[in-house]
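Taking it in order: structure first as structure tokens, then the write-up.
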């Protein structure tokens, strides 16, 4: 924690600027420095509007989402930077040829892997099937019903619990009591990842998997962006409504396309640009006409928009990096295991460095309801990922996308019913435009694949 002591004077000065405004006494610093210092309050007012509205209460630095994000990134850096130098060192000394001893297999798997890139899932035992298995129509219908029910139950419950944990308090015995809110989004990310790691590890042990070839450290890139996107997803609910967050997720096809061009140099069809424009139009209609409802969580603030933008950018990078990783021979469950392994490493390291890990455990012991919600949230997330793999394997990506698009629409209705979010007529029309565009994408992609008559591997974010 020495870096915190080093940065504390500057961080304290920033907190003072956010709460009291610019310094009134003359400073001996140069003019550019004084100008920069006068900009801090304005920057805080732009990025932290809902945080500063504390009804006269003093602002704690740890309540600022930008500061918490900064702490998390510093925590991850204490793991990433030493790892970067270690990997460079092992490659520099050609450890693959000169190494020996009991650590050799571990270092080889982490740094070098087998370095054999093969066709995606060419092992028939784990290859996903784009067409439904042969069998009776009744059996296939039961399978489809099972997949749809599993996906809807897992992710609808996950969405309701996510909003409950982040926007409501615990421990209030009467409506007049204020209760205590859980504030550490990173701990929820850790809970989700540790259970997903356990489930994927057990799955890999029980079922045959292709021989793993990718260097383990390559999972860390997707893992870091996945952790940051998940943190942004939870944190955004403190500033925006759940329906707004769902629509932002639906509109992530736009930055995914941009990242695809930047990271993977992909090209896109005209209908993909058209549907992306329709999604942008629908989301804009909803956001520009959203109004404050009965609960503070329905107010869309600029902080929430910035955090959502971070979610979309990080999530877009994750899916494109995983797309590149699938060039190695691996199954989706192996991808799930590798990403969650590094996610657990990053989050638990950062939580321990900040001292937030045991604080969160203490919160769980004080509020058993929160403990139940956090565990159930993680169970729904892990089970949902397994349903994703099974649905794609049995019915292909098109059916899966339709089910998940319907899930998003139901999630918005459910959130409005349970938590009283207000949606205007124009906003509702915008929601309809978004989902119409999503269904058009599914239809156009299915027609294009049917015209080519060439099954293509499906890459699904985990």
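Cβ atoms here come from the backbone N, Cα and C positions, even for glycine.
The signal peptide feature in TrEMBL is assigned to 1-17.
TrEMBL lists 69-90 (among others) with the feature transmembrane segment.
With a threshold of 8 Å between CB atoms, the same-chain residues lying at least 6 positions outside the transmembrane segment (270-289) that come near it are 243-244, 247-248, 250-251, 253-254, 257, 300, 423-424, 426-427, 429-434, 436-438, 440-441, 444. For 270-289 (among others), the entry in TrEMBL reads transmembrane segment.
The transmembrane segment annotation in TrEMBL covers 295-314 (among others).
Look at TrEMBL and you will find 335-358 (among others) tagged as transmembrane segment.
Among the features that TrEMBL reports, transmembrane segment is placed at 370-390 (among others).
Taken from TrEMBL, the feature transmembrane segment applies to 397-420 (among others).
Residues of the same chain lying 6 or more positions beyond the ends of the transmembrane segment (426-444) and with a Cβ under 8 Å from any Cβ of it are 243, 247, 250-251, 253, 269, 271-272, 274-276, 278-279, 281-286, 289-290, 398, 401-402, 405, 408-409, 412. Look at TrEMBL and you will find 426-444 (among others) tagged as transmembrane segment.
Remote same-chain residues near the transmembrane segment (335-358) are listed as 1, 71-72, 74-76, 78-79, 184, 186-187, 189-190, 193-194, 196-197, 200-201, 204, 214, 216, 219-220, 222-224, 226-227, 322, 325-326, 385, 462 (criterion: CB distance under 8 Å, separation of at least six residues from the stretch ends). The list of residues near the transmembrane segment (69-90) in space but at least 6 beyond its ends in sequence, with Cβ under 8 angstroms from a Cβ of it, reads 3, 99, 107, 111-112, 186, 217, 220, 224, 227-228, 231, 235, 345-346, 349-351, 353-354.
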